[in-house]
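Asker: Below is the structure I would like to discuss, written out as C-alpha cells.
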Amino acid sequence: MNASLRRISVTVMALIVLLLLNATMTQVFTADGLRADPRNQRVLLDEYSRQRGQITAGGQLLAYSVATDGRFRFLRVYPNPEVYAPVTGFYSLRYSSTALERAEDPILNGSDRRLFGRRLADFFTGRDPRGGNVDTTINPRIQQAGWDAMQQGCYGPCKGAVVALEPSTGKILALVSSPSYDPNLLASHNPEVQAQAWQRLGDNPASPLTNRAISETYPPGSTFKVITTAAALAAGATETEQLTAAPTIPLPGSTAQLENYGGAPCGDEPTVSLREAFVKSCNTAFVQLGIRTGADALRSMARAFGLDSPPRPTPLQVAESTVGPIPDSAALGMTSIGQKDVALTPLANAEIAATIANGGITMRPYLVGSLKGPDLANISTTVGYQQRRAVSPQVAAKLTELMVGAEKVAQQKGAIPGVQIASKTGTAEHGTDPRHTPPHAWYIAFAPAQAPKVAVAVLVENGADRLSATGGALAAPIGRAVIEAALQGEP
C-alpha cells in the first residue's frame, strides 16, 4: 500500500472512531439532557402522541387527556383546576411539570418499567400506547370543604393552607393551598395562552404557584406548645405543675420582656397550673416551662415529632420543618412558644396532631393510594407505614385531654354538635417588624377526640390586624368545617 492510500485509510478510520465516540457520548452521557431539553421537538411530539394516564381521587377525575386534531395529539385537562392544582400540578409543553404530574411522570406517560409488558403488547398489536393511572388518597368532599372554607374565611379568600390526614394510616385526605391557579392555561397548546398565564402567575405577589401546604415553612406560634408540653410531660411534669401567671416575663440574659396575648395575666393568682396555662395558651407560663424543661429535652421531643430531619417525599417534595438554633435561655423561652427560629410546614403541623391522635405513633404521610395500568389493573398499592413512636400512649392521652380543654375555650363558631374535638390554636408573629405585621393564624386538631378519624392543620397567612388574626377567630372555623366534612357519614 502506498503512502497516499495509507493516509486515506488512517483518516477514514479516525473519522469512524470519532463518529462512534460521538454516538456513544450522545447515547450514554447526553441523552437524558437532550430528552429533557424543551427545544427538543421530537421528544415533545413523542410524549404528546401517547394518551397520558389519569389522576383520580375517590372516583373523580382530577386530570386526564383528550384527543385533538392538532400537531400535539393529546391535551391535558383539569376539571376542577384551582381546588386540585396543589395535588396534580400542571403538565405543560413550555413549562415542564409539577406536583404529581412530575412525581409520577413515568407511570402517567407509560415509560415505567412496570408497564414494559404493556408497551411490548402495544408494539406487536399496533395499539396506541397509553400511560398508567394514579389514584390519590384525597377525599373530594374534604378537599372541597377545605377550599371553600379558605375562600370564605377572611371576609373573602384567605392566603394559606389546609392539610387533613387519616391518623391511623397517614393518608393525606386534603391538601389545599390558597390562592391557587388554573393548570389548564399552562397545559394549553397555544403558546400565547401559556406565556400570558405564566407571566400573570409570576407577577402575582400572592405567589399562587407556591404550594403553601408543603413547600413553605412558617412560625407555628402557640401550636408549638403541644411539643413543649409533650417534652415537659415526658420529663416528669404533671398537669398540676405550677407556672407563673404574670402578664409579662423577662427573657433571661436580655432586656426583653415577653407578654401574654393582650398583655393580660393568666389568672387571678400568682401562679397557674400547666393544665390552665395550656387551655388559656399563656405565653409567660410556657416560657418558664420551656426553660425548666431544657433545650435538649425540647429539641429531642421536636425531633421525635419529625422536625429537624428531611421529610420523605409524599411523593411530592416537602420542605424541612426546623426548631432552629437555641443558643441561650432567651432563645429557649421564645422557642417554647413557637417563635424565634421555629418553622413548620402545615403538613408537619398536621402530622403533630395526627401523631397525638394515633396514641403517639407517627405514620408516614402519603398522597398516592395506588398505581394502575392503562387497563386499570393494579400495579401497586400504598399501605400505612409507622415512622416512629414520638411519645408514650400515656403522654398522648394527656395531650388529648389538654387539647379537648383548649378547644372548649377556643370554640367561637363552627361547633359540630355531638363531636368532641381536641385542638390547639396559634397566633404567630413574623417578619422584620412583627409588631406592625399581621400575624399568621394556626389551628391544629383531630376528631372525634377519643376515636380520631381525621387530623387537620390550618394556616391563615397574614391573617388581619393583631387583635382579630388569632387562630381561634380565623383558622379554627376553617378547620372545623374540614372536620365536619370528614365525619359526614361516620357512625
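Numbers run from 1 along the shown chain.
Yeah, the Cβs are placed from backbone N, Cα and C, and that goes for glycine too.
Source: prediction; values computed, not measured.
Okay, so Swiss-Prot annotates it like this:
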TOPO_DOM  1-7  topological domain 'Cytoplasmic'
TRANSMEM  8-28  transmembrane segment
TOPO_DOM  29-491  topological domain 'Periplasmic'
REGION    160-484  region 'Transpeptidase'
ACT_SITE  S222  active site, acyl-ester intermediate
DISULFID  C266-C282  disulfide bond
Asker: Judged by the number of other CB atoms within 10 angstroms, which among C266, C282 is the least packed of the disulfide-bonded residues?
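Answerer: Fewest other Cβ atoms within 10 Å, among the disulfide-bonded residues C266, C282, is found for C266.
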Asker: How big is the gap, in Å, between the Cα of C266 (disulfide bond) and that of S222 (active site, acyl-ester intermediate), rounded to a whole number?
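Answerer: Rounded to a whole number, the Cα-Cα distance is 15 Å.
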Asker: In terms of DSSP three-state secondary structure, what is the assignment for S222 (active site, acyl-ester intermediate)?
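Answerer: Reduced to three states, the DSSP call for S222 (active site, acyl-ester intermediate) is helix.
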Asker: Let me know the DSSP-derived helix, strand or coil state of C282 (disulfide bond), please.
Answerer: coil
Asker: Quick one: Cα separation, S222 (active site, acyl-ester intermediate) versus C282 (disulfide bond), in Å?
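Answerer: Cα of S222 (active site, acyl-ester intermediate) to Cα of C282 (disulfide bond) measures 9 Å after rounding.
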Asker: Across the whole of the region 'Transpeptidase' (160-484), what does the mean pLDDT come to? Round it, please.
Answerer: 93
Asker: Just how many other Cβ atoms lie inside 10 Å of the Cβ on S222 (active site, acyl-ester intermediate)?
Answerer: 25
